[in-house]
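According to TrEMBL, the protein carries these features:
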{"type": "REPEAT", "residues": "80-114", "note": "repeat 'PPR'"}
{"type": "REPEAT", "residues": "154-188", "note": "repeat 'PPR'"}
{"type": "REPEAT", "residues": "189-223", "note": "repeat 'PPR'"}
{"type": "REPEAT", "residues": "224-261", "note": "repeat 'PPR'"}
{"type": "REPEAT", "residues": "262-296", "note": "repeat 'PPR'"}
{"type": "REPEAT", "residues": "297-331", "note": "repeat 'PPR'"}
{"type": "REPEAT", "residues": "332-366", "note": "repeat 'PPR'"}
{"type": "REPEAT", "residues": "367-401", "note": "repeat 'PPR'"}
{"type": "REPEAT", "residues": "402-436", "note": "repeat 'PPR'"}
{"type": "REPEAT", "residues": "437-471", "note": "repeat 'PPR'"}
{"type": "REPEAT", "residues": "472-506", "note": "repeat 'PPR'"}
Amino acid sequence: MKIKYDYSLVFSFFDWARLRKDTTLEARCIVIHIAVASKNPKIAHELTYEFWKKPNLDINVSFSNFFEQLVYTFKDWGSDPLVFDIFFQALVDVGYFDEARNLFDKMLSYGVVISVDSCNCLLSRSSNNMSDDGGIETALKIFSEFPEMGVCWNTASYNIIIHALCRLDKVKEAQSLLLQMESKGCFPDVISYSTVIDGYRRAGELERAFEVVEEMITKGLKPNPFTYNSIVVLLCKNGKAGEMKKAFALHNKMVQMGLTPNIVTYTALVDGLCKRGEVETANELLQEMCGKGLQLNTCTFNSLINGLCKAGNIKQAVKMMEDMELAKLYPDAITYTTLIDAYCKAGEMVRAHDLLREMLDKGLQPTIVTFNVLMNGFCMLGMLEDGKRLLNWMLEKGIKPNATTYNSLMKQYSIQNNMKATTEIYRGMNTQGVMADSNTYNILIKGHSKARNMKEACYLHGEMVGKGFSLRATSYNLFIKGLYKKKKFAEAKKLFEEMRREGLAVDREIYNIFLDLNYDDGNVETTLELCNEAIEKSLVDKNTKDTDQT
Ligand SMILES: *[C@@H]1O[C@H](CO)[C@@H](O)[C@H](O)[C@H]1NC(C)=O
């Protein structure tokens, strides 16, 4: 009692005592009171936490003992109700949420309300409680119940709940809390807004994210650069009519506010512009970047080069690659692949090949994309022998082709009605252990159907269905026609029904086949139904483009 005001002496004494033997709970509570009274809440918390984190605690007994002792020693040793807050926080920190809640209620019956900061600890910890699915629900429950008991939530409390709601993808509810906050006289801050913005951004609801940004700015709050940048990048990636404009508006606002868009933002803008063929504007933006002292990186250049290629300006793209080297930024595999692709598409295979050589000479490793681009080039130009040579070269060098590589070759061979060569390539694919994809099956079934190899087509179809792949409309049409020609009416009919069920575009020729079949069988009703459908569809067909990929 005498040394109670000399707290450092008390702590030394307590440390000394507990090294020798387990101290009594009463002694611990006394020291906790003294720590709080002497403005050492951290020590008080440590001492409380130390007790509660002990494993194998009988929670119920410990809780009533601890509470009893803390109350019993309260008057004589400190009389600061903060000890109960500290007790509450320690319980939360150890994860005893139910006991914390119990303490809250007990204190309330004494007329003491646990502080909002401590309640925030409970909100935050229970909403982040991963081991418990109901964690967030618990937090929401506390959030709605505590105000009735005198807790007055602050901005931090709202932010915890807003964050939790966003994590549950309930961004709209989170947003409505922003309004509710204000009506309670507790103003949303940068964190509140940014959390909602990021929630919308992650949900892909850019329109709404953008609205909240506007609202935030109106309120005189400065969005954080991270949120800003990520929205600009997303807007650009979407790259739709309209969205690029918004990206720019945001970008300009950022600059006005003195926030520096980073290189990623700029690159996204450049990329978005290039994809829409606005290479001029992209170039201007590059000047702006350089003016800001931002170091252009390889990605930025690659976007521009890609843009120039897409706009059909290969010459300028090649010049850009040279500029890149001047800027001591070395073209990478992506740069080369982009240019090789452009040359292939322009039918300039010699130049494409030269670039490949240059790339190899520089020690750059071509990727599977590079090879597929070349393969596609050869195939589109009907240079199938070269394509096959490329395939063999890849295999010799130990570069594994993928399904796309094989598909290019098979597609062209089957277009030329050379099912022997197509099958040979397919066998090679199997030997190499490359898995056939949906495209592979569509190509093969179409080819075999045209060649009336219905046995092969049926076999492959069975295999494809087993793997969960499905036929595209053009493949269906050819497959059905092939079956019909081989008088496999039942199979043909089954596929025809399937096609109609899936709402795929049926060829007029196929309709005619089934109209005739039904008419011959005397199914007048079905015949009429098909007739109507065919007429309806043929009207619709005129307005739909054939988007078939193979
Ligand atoms: C094969 O490579 C192309 C790139 O040319 C890629 O787009 C495709 O996803 C790859 N396919 C598989 C099955 O990995």
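Numbering starts at 1 and runs along the chain as displayed.
Glycine is treated like the rest: Cβ placed from N, Cα and C.
Curation plays no part in TrEMBL annotations; they are all automatic predictions.
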Distant-in-sequence neighbours of the repeat 'PPR' (189-223), which means Cβ under 8 A and at least six residues beyond its ends: 155, 158-159, 162-163, 165-166, 169, 171, 174-175, 177-178, 181, 230-231, 234-235, 238, 243, 246, 250, 253, 257, 259
Long-range neighbours of the repeat 'PPR' (437-471), counting only residues six or more past its ends (CB under 8 A): 403-404, 406-407, 410-411, 413-414, 417, 419, 422-423, 426, 429, 478-479, 481-483, 485-486, 488, 491, 502, 549-550
Mean of pLDDT values spanning the repeat 'PPR' (297-331): 88
Secondary structure composition of the repeat 'PPR' (80-114) [DSSP: H/G/I, E/B, coil]: 26 helix, 0 strand, 9 coil
Contacting positions for the repeat 'PPR' (367-401) when only residues 6+ beyond its ends and CB under 8 Å are counted: 333, 336-337, 340-341, 343-345, 347, 349, 352-353, 356, 359, 408-409, 411-413, 416, 421, 428, 432, 434
Tally of DSSP helical, extended and coil residues in the repeat 'PPR' (297-331): 26 helix, 0 strand, 9 coil
